[in-house]
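Data block below; observations after.
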Amino acid sequence: MSNYYYYYGGGRYDWLKTVEPTNFLKIGLPYQAHPLHLQHQATTTPPSILEKFKRADILLNEVKAEMDPLMLQPETEKKLYQILGSIDMFKGLRKKVEFTYNAQIVTNAWLKMYELLNTMNFNNTSQAFCNCELPGGFISAINHFNYTMMHYPTFNWVASSLYPSSETDALEDHYGLYQCNPDNWLMQSPLLKKNVDYNDGDVTIASNVKNLALRATQRLTPIHLYTADGGINVGHDYNKQEELNLKLHFGQALTGLLSLSKGGNMILKHYTLNHAFTLSLICVFSHFFEELYITKPTSSRPTNSETYIVGKNRLRLFTPKEEQILLKRLEFFNDTPLVDLSLYQNLLESIYFAVETIHLKQQIEFLNFGMKCYRHFYNKIKLLNEYLAPKKKIFQDRWRVLNKLYVLEKKHKLKLCAPQGSVA
């Protein structure tokens, strides 16, 4: 944990001193050398294996539930989000990064990806496939890192996302990255539905996943880095966030495992890690990467459940049988485990340590802190911001130093053409 605390002298707000900003959390998982046996059909998992994960889910949801009544009224919901925004240590950092370092599309996703790249020490970032990618924060961060830190002469990329339309919750092309770089994108407009190989980027569809992986490898070989930042909007139902995203997260992972080259690295977004299917998916990953980690960047808000699974140095590709089984499971999806979890006791212990560290300790601590701030600063948000401003500056300056930011030369900037009415 960081040595930087909130200090505001004595008085009624001394309790603000008790919360400290987070450090990058990284929990290593053991490689599994034994053969991978994928389950063709559902089998019963002994309850004892999942018991503590279920308890962890209950404990976290009990804390989250304190906020549920506030979500029911527009006024209290607005105040809650204002408070949570005030305790976000990275609020305001995006503009500083954009203007100081000539960076592009500096979203929260940009900060997280840059931090992941800098902390995880990847050996190659020059050729990347970024999935579930719009509006483009990951690509922009990789581009910036590639040229300013890795000093490669080129950055080659392909990307995909659920095609933005009024009929879906897909993120839009706010910055014109898709509009100005159509040849880099793998998904297609609904206007092309008549095409035999039409693909709208929906990774919950097995045929799309297989097709996206094929397109990616045809356009870019080798693929050194695969990223996926998919997440379904669950409204206010955060207690079911992991469950509602199971199929999406399986699809984005499968796309990566079908396309990532040997020796490549992978970064996948997840939320809580308590569901038996999620645990089994991590078990599958452990057969393919020399190093596997569950991470929580400091720029990922500590009040949310977001995690990133990182695989380093892919050791082998799928066998035809493994590919067939996993694609069939996605096509006829059910959430039973992909493997026999009883064979992975040591790995599950490491995963639980990550759950305990990220969710049961850090997230619960910050959720409780957020609720306490809500009670004390409901009508004094300006005062809360004044209290936190000095330490935000210290922490943001520290983050910029730790993550070694440098100015991106103009010649290396991505081509953007933000459409009318965008947020660029």
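Quick reminder: no glycine exception, Cβ is built from N, Cα and C everywhere.
Note that the structure is a prediction, hence the values are computed from the model and not measured.
Here is what Swiss-Prot records for this protein:
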- 104-316: domain 'Adrift-type SAM-dependent 2'-O-MTase' (DOMAIN)
- Gly136, Asp229: S-adenosyl-L-methionine binding site (BINDING)
- Lys269: active site, proton acceptor (ACT_SITE)
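Sequence-distant neighbours of the residue listed as 'active site, proton acceptor' (same chain, 6+ residues apart, CB-CB distance under 8 A): Cys132, Ala228, Asp229, Gly230, Gly231, His249, Gln252, Glu306, Thr307, Tyr308. Cβ crowding, taken as the number of other Cβ atoms within 10 Å, peaks at Gly136 among the binding-site residues Gly136, Asp229. According to its DSSP assignment, Lys269 (active site, proton acceptor) is in a strand.
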